[in-house]
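TrEMBL annotations:
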TRANSMEM  12-32  transmembrane segment
TRANSMEM  52-74  transmembrane segment
TRANSMEM  81-98  transmembrane segment
TRANSMEM  104-124  transmembrane segment
TRANSMEM  131-155  transmembrane segment
TRANSMEM  175-193  transmembrane segment
TRANSMEM  223-248  transmembrane segment
TRANSMEM  260-279  transmembrane segment
TRANSMEM  286-311  transmembrane segment
Amino acid sequence: MRKRWLQTRVFFVVFTISISYVIVLILAFSMGGASVKDLGFEVLFQLRGSRIFMGILIGVMLASSGVVVQSVFANPLADPYIIGVAASATLGAVSAYLLGLPDIYYGIFGFVFSVAVSFVIFAIGRHRDMATLLMLGVAISAFVGAFTTFAIYLIGEDSFKITAWLMGYLGNANWDRVIILAIAAMICSWYFFSKRLELNILLLGDEEARSLGVNVSRLKIQLLIVSSLAVGFCVGFSGLIGFVGLIIPHILRLVLGNSNHAIILPLSFFLGGLFLLACDTFGRVIWLPIEIPIGVITAFFGAPFFLYLALKRR
C-alpha cells in the first residue's frame, strides 16, 4: 500500500513537471521585448533558444548538487555554495574584468578559480571531518569575498556591468556555452545517479555506512569535488544564482515524503531546470524593458522558504 502511494505521488510530480515545462517553454519563447513576427523564428530561436537551454542546464546542476551536498553534510540547510566555490568563481570573474578581457572570459576565469580553490580546500581537509571542511569553506568564502569586494571597489563607476553579472545573468547565452554546459551536466548527473545507492546508505549515518563497507570519507570528498565542479561551471557562466540547490530537494522530499536518491535525483534534474527557467522568464518579462537579474528572483522565492525550513527545524 505504501509503495503504491509513493508511485502515485511520483506519477503526480512527473505529470505536473511535464505540463509545467510545456507551459513555461511556450511562455519563455514567445514573451519578451521582441516577437516572432518582429525577428523571425530562426533569429528568435538563436536568441532565446540558447538562453532557455542554458537556464535548464544550470538548474539541473544546481539542484542535483544541492541534493548531494545536503546528503554529504547530513544537513537539510546545506547549500552547494557553502564550500566557497561560488565566492572563488566570483573573484575569477572580477579578475577577468579588471584585466580588461571580454565577458566570455568571466566564465572561464570563474571556473578556473573555483576549481583551483576547491582542490585547495579538499587537499587541506581530506583527512578531517565534514564539520572542519565546512568551516574551512566558510573561512575561504569570507577571505575570497574580501578580495572580490576590494576589486569591485577598484573598478569604481564602471562596476555596474560586473555587479549585474554577479546577481545572476543568462543574457550572455549562446550555443557554444550551451554545448559546454550540456557536457558538464551529463557527466555530473551521471556520476551523481551512479552513487544513488551509496547516498541512500549515508542517510543511515556514517557509522552504519562504514559497517556496510562504504568508505565514507573518500565517498564524501568525491561527491563534494564533483558538486564543486558543477557549481563552478554554473557560477562561471551565469553568475551567482542562489537557493536553487537549497529549495528543490526540499520541495521533492516534502511532496513525496521520501528521500530515496533513486527517485529524488532524477526528479531534481527536471524540477531544477524548470524552476530556473521559470524564474528567468519571470524576471525577463515582468518589468519590460528592464530585466530583473535571475539571482534576485530566486532569492525572492528562496529566502522565505529558507526561513520556513530554519523555523521548522527549531
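Glycine residues also receive a Cβ, built from the backbone N, Cα and C atoms like all the rest.
All annotation found in TrEMBL is predicted automatically rather than curated by experts.
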Seg_contact(the transmembrane segment (175-193), the transmembrane segment (223-248)) with at least 3 CB pairs under 8 angstroms, min sep 6: yes
The transmembrane segment (260-279) touching the transmembrane segment (52-74) per 3+ Cβ pairs under 8 Å rule: yes
Per Cβ pairs under 8 Å, the stretch of 12-32, 81-98, 131-155, 223-248 packing most closely against the transmembrane segment (260-279): 12-32
Same-chain residues near the transmembrane segment (131-155), Cβ under 8 Å, at least 6 residues beyond its ends: 73, 82-84, 86-88, 90-91, 94-95, 97-98, 117, 120-122, 124-125, 162-163, 224
For the transmembrane segment (81-98), sequence-distant contacts whose Cβ falls under 8 Å of one of its Cβ atoms, 6 or more beyond its ends: 69, 73, 105-114, 116-118, 121, 133-134, 136-142, 144-145, 147-148, 151-152, 154-155, 161-162, 165-166, 224, 227-228, 231-232, 235-236, 239-240, 242, 245
